[in-house]
Amino acid sequence: MNIILTNPRGFCAGVKRAILIVENALKVYKKTIYIRHELVHNQYVINTLRQKGVVFVEKIEQIPDYSVVIFSAHGVSKKVVQEAVKKKLIILDATCPLVEKVHIEVSKSSEKAIETILIGHRGHPEVEGTIGQYNNKNGKIYLVESIEDVHNLSVQNSKKLNFFTQTTLSITNTKKIIAALKNKFPEISGPNKEDICYATTNRQIAVRQLSKIADIIFVIGSNNSSNSNRLAELGKETGTFTKLISSFLDIKKKWLKNVNYIGITAGASAPEILVTEVIQYLRKIGAHKPIEMIGVREKKIFKIPKKLLNIKTILDENG
C-alpha cells in the first residue's frame, strides 16, 4: 500500500493564531483562562488545552466576573461581547481575521439597514456570530443553506440587498447558491470573491487532485468541524471511498482490502500529530513510506491583535 499526503493540510493561519493567543494567555495571566465555545473544532486540540487548565464554556454567564475570556476562532455576536463587557471580563479575541472581515461587512450593512443574506450552515458558531453582527431593526438578515432556500426566500427590498458567506463552505456548492441568488435578485451585491477562506479553498482543491489517484481518502478531523466535513463530502462526490476520522483508532482494516493508494488530508483545525499517528499505524500494517503531493505553499501569518501585543512583549522579555 502506498500513502499519499495532500499539500496543504492541517492547521491554517487562523487556527495557529488562536492557539498562540491561548498559549500566551496561559503564560501571562495568573488566573483561570476561560474560552467561550471550543477554540477550534478539534477534540485533540481541546483536550490538550484542558490538560493545561483551560476551562471551556458555552455561555458568558458561566464565567466569574473579572475573569479572562477568549472568544473562539469562529467569532461571536455583538450580544456576547456586550455580556462579557458587562461582567468586566478581560477579553482576548481569537476570532479568525477572515471571519472578522465578514463581521465588519455585515455590520456595515446593518448600519445602513440593507437587507443581508448569509450563506452558511444553521447552528454553526461562525454563522451565529456573523448573524449576530446585524442588529438594525429597520433591516433584516436571512440565512440560506441551499438553492431551495433561495427559491423560497422573500425579501422586503430586492433592489437593496447584500450577501456574504460562511468561510468554511464547499466551493462548488457555494458558487451554485450564489448563482441562484443573482438569478433571483439581479441587483444583489456581494464580495468580488466569495468569503470562503484561502485555507478551505486550497484544501478542497488538493482533495480533488488526490481523488484522481487514491483508492481511499482519509480526512482527519472532528465530526463538528465544518471544513473537515466539506473535505469528506468532496471526496465522496468524486466517487472515491472517503472516511472522516478523528484519529488512527477510527480506521478499520476492512476498508484497506485491495487498496493500493491511501490518500490522507487533514482539516484546518487538525494538528499534524494526528497525521503522523495515522501514517505510523498504516506503516505498521504494511504501507510504504508516504509520498507528499506538490501543492500550494501557504505563507499567510495572522499577527496577534494590538491589544494583545503586551502579552507578546512580556513573553519576549521573559525569554
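Every residue gets a Cβ built from N, Cα and C, even glycine.
Note that the structure is a prediction, hence the values are computed from the model and not measured.
Binding of isopentenyl diphosphate is annotated in Swiss-Prot for His41, His74, His124, Ser225, Ser226, Asn227; the matching candidate from Ser189, Ser269 at the same site is Ser269. In terms of Cα spacing, the binding-site residues Cys12, His41, His74, Thr167 that come within 10 Å of Glu126 (active site, proton donor) are His74, Thr167. Ranked by CA distance from Cys197 ([4Fe-4S] cluster binding site), the binding-site residues His41, His124, Thr167, Ser225, Asn227 have Thr167 at the top as the closest. Annotated (2E)-4-hydroxy-3-methylbut-2-enyl diphosphate site His41, His74, His124, Thr167, Ser225, Ser226, Asn227, Ser269; additional same-chain residues within 8 Å of its Cβ mean position, judged by their own Cβ, are Val40, Glu126, Thr168, Asn224, Ser228, Gly267, Ala268. For Ser269 ((2E)-4-hydroxy-3-methylbut-2-enyl diphosphate binding site), other Cβ atoms within 10 Å of its Cβ number 31.
Counting only residues at least six positions away in the same chain, the Cβ atoms of Cys197, Tyr198, Ala199, Ala268, Ser269, Glu298 sit under 8 Å from the Cβ of Cys12 ([4Fe-4S] cluster binding site).
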